[in-house]
Amino acid sequence: PEVRLVGRTGRCAGYLEIKKFGEWRAVDDKDEICDWTMKQADVICQRLDCGMSVSRRLSLHSPKQSFFQIDFSCTQTLKCMKLESFYNIFRVEITCSDSIRLVNSSNQCSGRLELKMNQLWSTVCEKDFDKQDAEVVCREIGCGPPVILQGALFGGEEAPLKRRAFQCEGNESALLECRSSDSTTNTCSPENVVGLTCSDYIRLAGETSRCAGTLEMLYQGQWKPVVDKFDLLEEKLTHSVCAELGCGAFVSARTEEKQMRSVWWITSICVESGNKLRECGTLNDDIHDTSMEVICSDLLVEPHISLFFYSEEVRAPTNQTLGIPIGSAFAIMCSIKPQYQAGSFELVLSSSTSRESFTLPAVNHSTLFLFSAANHKHQGTYSCIYHAYVFSRNFSSVSRPICLTISAEFIIRPFVVLMVMMASILILYCYFKVCSCQRSEQEKNRYLEDCSTKSYLKEETAVSRNK
């Protein structure tokens, strides 16, 4: 059957219609397209030669219309439709990227960039493309800002190379809206074609941690809450949220009342089929006052551990050991970026034979553990564990470890210092003694000279009188 998108400017966005039995009718999934994924929408975009799917949504429409119902499992052939008349006020709306697409990746927001010009798809050279151009592409396909721009990540030989240099300002809504010119680069090997990865299209918002909050998904530059269509909060769905965000394990989820907004609908059956969250989202024009709050285990940032010796912070390269003299005072500071009030730090000392811990409350998000005299029992591996009670649960986060050794340097150093001081005193004593002796000799010689001079003068005076 033939397919088309109508009701919007251009042929690559609009309401999905299928022609069968000689007439065009709107399309609705048998379960309000909740089982459709972005991959199925991609099939429609590909059939229309319109790049990749950017979004799909349920749009309000007048009731009492005949729709084609389509089974999500047969989108590749579209041969499993049936014509039925039923009351429905929603119909499927799909937006395709039209002139760009990311291919050779299982993620909708990454892949090799291909550009459609003169009805042909071609790759783009890295030398003709920069970060501002990438920002426009990521926004055009409905993803977050670019995080990786590198060739050879997604292959480069399947499509011909298009030598076109782009000069985007960064605020354009589509790549073909940017200024461009003929490329001045003479050659471009397949490993240098543009490979692009855009940032997260989902987030947990509203809290001080990126791993806890209201689940939202990005759509045309706007973040909208995500709602489980049937309010089941299935384990597979919520676990996928934490996994995709790199936030550890799923802890809990609940629905909460929020202000009235349009939302994304997601069903667990779609996620359980191995699809990404973005592939399972359907934007719904209907207004909802609920959203989904998800809490993951890694909601605390990693604390920082520092060693202070002689009142100065001592740093060591990764995987290297720090050493301090025996008997010296030292301190270990545990700190963390501000997230939640209160909390405590546990300093753990591990050695080959024992494990010891010290716990103090956090003050201004840090704690200082003081040790008055280092000895061999202080030798080992130290790490800071931050504990906080938030969302009615206990959470913790561990710092990187530092290794500490205790040396005998403190015994040698005072002896050396004492010897140096004694030698200095002896040298000064000898110096002043010699100087004193020299002065005495000089004064004696001066006295003898004076005596000799006076005797000579007396003799001269006596001779003069006799004459």
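Easy rule for this one: first residue shown is 1, then count along the chain.
Even glycines carry a Cβ here, placed using N, Cα and C.
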Checking TrEMBL: of Cys178, Cys188, the cysteine bonded to Cys168 via disulfide is Cys178
Of the candidates Cys247, Cys280, the one TrEMBL records in a disulfide with Cys270 is Cys280
Across Cys168, Cys178, Cys270, Cys280, listed as disulfide-bonded residues, the smallest other-CB tally within 10 A is for Cys178
Spacing of the two Cα atoms, Cys280 (disulfide bond) and Cys168 (disulfide bond), in whole angstrom, works out to 31
What DSSP reports for the domain 'SRCR' (100-199) is 19 helix, 37 strand, 44 coil
If you measure between the CA atoms of Cys178 (disulfide bond) and Cys270 (disulfide bond) and round to the nearest Å, you get 37
